[in-house]
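Chemist: Dropping the structure in here first, questions after.
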Amino acid sequence: MTDLYAEALATFATLYAEAQNSAEIEASAMTVATANLDGRPSARTVLLKAFDARGFVFYTHLDSAKGRDLQTHPQAALLFLWRSLREAGIQVRIEGGVQLVSADESDAYFASRPRMSQIGAWASLQSQTLGSREEFEAAIAKVEATFDGRDVPRPDGWGGFRVVPQAFEFWYGAKFRLHERWRYEADAASHWSKRMLYP
């Protein structure tokens, strides 16, 4: 891990901890932007579940729209917006390649989830057409009955993705739109640079 990458990661960790201790309702909420093979973009909000020097992890159905995008075009952009921080909010952008996390990591995280969240992962055919709410509730009841009295295992089609950063951008809001921006970026040889940008 290079010094500049370590610096960017430490900056994120400091801001993330600040957001977790602030008035933010859900500091871990992030927008994940993907694209399909045709280049059509898509974005949605998911929750960050872990981060370290290897990257930023979230979990989902692998056959969801984002899961399919990431398996066919393994690049993503993450966006955190913490409006309550500092003078006028902070925004962090992270861009990078994407990897599936190991089955062991996915199993460990799935086992830590509330039981009803585990059941929901089995009952939901994420991103597929649903005829009615009652149909979903019936699927939930069926899964509850199937696993009554025993642990709920992780579905084969559910797992984690790790975004491996190739760029970080930190935006510090200020009055009169006189913001401050810093960008950290890796080149093709994984050499990191840091520069200030006009707001």
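The backbone N, Cα and C atoms fix where each Cβ goes, and this holds for glycine too.
Found this in Swiss-Prot, in case it helps:
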- Arg44, Thr45, Val46, Leu47, Leu48, Lys49, Tyr59, Thr60, Lys66, Gln91, Gln126, Ser127, Trp171, Arg181: FMN binding site (BINDING)
- Lys49, Tyr109, Arg113, Ser117, Arg177, Leu178, His179: substrate binding site (BINDING)
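Where in this structure would I find these features, and how exposed are they?
Modeler: In the three-state DSSP classification, Tyr59 (FMN binding site) falls within a strand.
If you take the C-beta of Leu178 (substrate binding site) and look for same-chain residues 6 or more apart in sequence within under 8 angstroms, you find Pro199. According to DSSP, Leu178 (substrate binding site) is assigned to coil rather than to any helix or strand.
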Chemist: Go through the binding-site residues Tyr59, Lys66, Gln126, Trp171 and tell me which ones have a CA within 10 A of the CA of Lys49 (substrate binding site).
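Modeler: Among Tyr59, Lys66, Gln126, Trp171, the ones whose Cα sits within 10 Å of that of Lys49 (substrate binding site) are Tyr59.
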Chemist: Output, ordered by sequence, the same-chain residues six or more apart from Trp171 (FMN binding site) with a CB under 8 Å from its CB, or 'none'.
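Modeler: For Trp171 (FMN binding site), the qualifying residues are Ile90, Gln91, Val92, Arg93, His179, Glu180, Arg181, Pro199.
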Chemist: Looking at the binding-site residues listed here (Arg44, Val46, Tyr59, Lys66, Gln126), whose Cα lies nearest to that of Arg113 (substrate binding site)?
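Modeler: Of the binding-site residues Arg44, Val46, Tyr59, Lys66, Gln126, Tyr59 has its Cα closest to that of Arg113 (substrate binding site).
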Chemist: At a 10 A cut-off on CB-CB distances, which of the binding-site residues Arg44, Lys66, Arg177, His179 has the highest count?
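Modeler: The residue with the densest Cβ neighbourhood is Lys66.
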Chemist: Between Ser117, Gln126, which of the binding-site residues has its C-beta surrounded by the fewest other C-beta atoms within 10 Å?
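Modeler: Each of the binding-site residues Ser117, Gln126 was scored; lowest Cβ tally within 10 Å is Ser117.
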Chemist: Across all protein chains in the structure, which of the binding-site residues Val46, Leu48 has the highest Cβ count within 10 Å?
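Modeler: Neighbour-count leader: Leu48.
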